[in-house]
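K.L.:
Dropping the structure in here first, questions after.
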Amino acid sequence: MLDVKYIRNNPDEARKACVQKGEDDHVDEILKYDEQRRKILTDLEVLKNKRNTVSKEIGQLKKEGHDAQDKIAEMKEVSDKVKEMDDELKKVDEQLNYHLLCIPNIPNPDVPVGDDDEDNQVVKQVGEPVKKDYFKPHWEVAENLNLLDFKRAGKVTGTRFVNYVGDAARLERALIDFMIDVHVTEHGYVEMMPPFIANRDSMTGTGQLPKFEDDMYKLEDMEYFLIPTAEVTLTNLYRDEILPGDFLPRYLVAFTPCFRKEAGAHGRDTRGLIRQHQFNKVEMVKFVEPEKSYQELDSLVANAERVLQLLELPYQISLMCTGDLGFAAAKKYDLEVWLPSYDTYREISSCSNFEDFQARRANIRYRPEEGEKARFVHTLNGSGLAVGRTLAAILENYQNPDGTVTIPEVLKPYFNGRDVIS
């Protein structure tokens, strides 16, 4: 959420962000309700001062033994008007807050202007992408080795679900443990195991609601949602709190299943693991001081990179343009792993700096020093990594001519030293 004062003083910047991110423009509504709110508050202050004055006059009249009925009637009239205006203020606040929640974050000046992923800028490539004649897509590799059962998962649940079988389940579990181990032991994150269900306030705090409600799985007749990412539950752990200054920076990491309807993905990536309604992900979340958040973004990207480097998977990093930046982010990098079957790089991690956008929505502040005014923290998050897509990348990049899959060196301890999946 943007500060209403910022929008009041910079309406054109807020409108520009709406255009750049392809969002509806709510700026005029915000300015209208902001003006109404400030007028009501001014009028309320006048009325409450009058009520206080009349109250003192009533007390003085009674003390002197005079009739105070006229003043009491005046007092009731003023009190009724105050209540009426308080009710009006509540309605205006609700409207103002709704429209504020619909305004996207302002892109950082370093973000390239563009419409979609065609305008993203590749800033780094690591490893040599390989495509050999015998390479098969990961779903065919998995079928030949009896690793992934899409058919029976479809029977149990529906399309875009999968059942991991045998060594695939073990590989998925190994990847989760490996990723968590790297982030905890090498990067100083604190491991969490948060709920997989979040309430409406939490989903609003991180920016999923109200915009993305149609893409969320909502529990029937309840204000609970299956989380689309651990970002929601990790970030909201500190909602409505003032953190001590020495608490920052705070790094959290968690593995959770994630649930998304993928409403806009009809007909895309219909085979394999790339786009599932339920998938596993290791998520990193940071709470940091505002002055250090872009340094922390670079560090976050490096943390996600480290996993790909240890797995020896070819990847590239792209800086997202304004049109592909997302609703809540001020700046975002995508890490994209090489998938031979697609003959391209596919997203495996997004690392974003939200500045104080989420913190303002979720009311997460910190006090730099005792007695100082509380400030909003800056929040960041990044996938570290999407586990199913990592498994797909291993099946494709580590496949052998005989159909077996070599286990990456760093994962062999999780397989009791085995070399291949066969």
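Every residue, even glycine, has its Cβ placed from backbone N, Cα and C.
Grabbed the feature section from Swiss-Prot, which reads as follows:
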{"type": "BINDING", "residues": "T229, A230, E231, E283, S383", "note": "L-serine binding site"}
{"type": "BINDING", "residues": "R260, K261, E262, E347, I348, S349, S350", "note": "ATP binding site"}
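Could you place the listed features in the three-dimensional structure?
P.N.:
Reduced to three states, the DSSP call for T229 (L-serine binding site) is coil. Sequence-distant contacts (6 or more apart, same chain, Cβ under 8 Å) of T229 (L-serine binding site) comprise T256, C258, K281, E283, N381.
Sequence-distant neighbours of I348 (ATP binding site) (same chain, 6+ residues apart, CB-CB distance under 8 A): L308, Y315, L335, E336, V337, S383, L385, A386, R389, T390, A393.
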K.L.:
Would you mind ranking the binding-site residues E231, E262, E347 by how many other Cβ atoms sit within 10 Å of each Cβ and giving me the lowest?
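P.N.:
Minimum Cβ neighbour count within 10 Å, taken over the binding-site residues E231, E262, E347, occurs at E262.
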K.L.:
What Cα-Cα separation, expressed in whole Å, is found between R260 (ATP binding site) and A230 (L-serine binding site)?
P.N.:
12
K.L.:
Select one residue from R260, K261: among these binding-site residues, choose the one with the most other Cβ atoms within 10 Å of its Cβ.
P.N.:
R260
K.L.:
I need the neighbours of the L-serine site defined by T229, A230, E231, E283, S383. Which other residues of that chain put their C-beta within 8 angstroms of the C-beta centroid, in sequence order?
P.N.:
V232, L234, A254, T256, C258, K281, V282, M284, V285, N381, G382
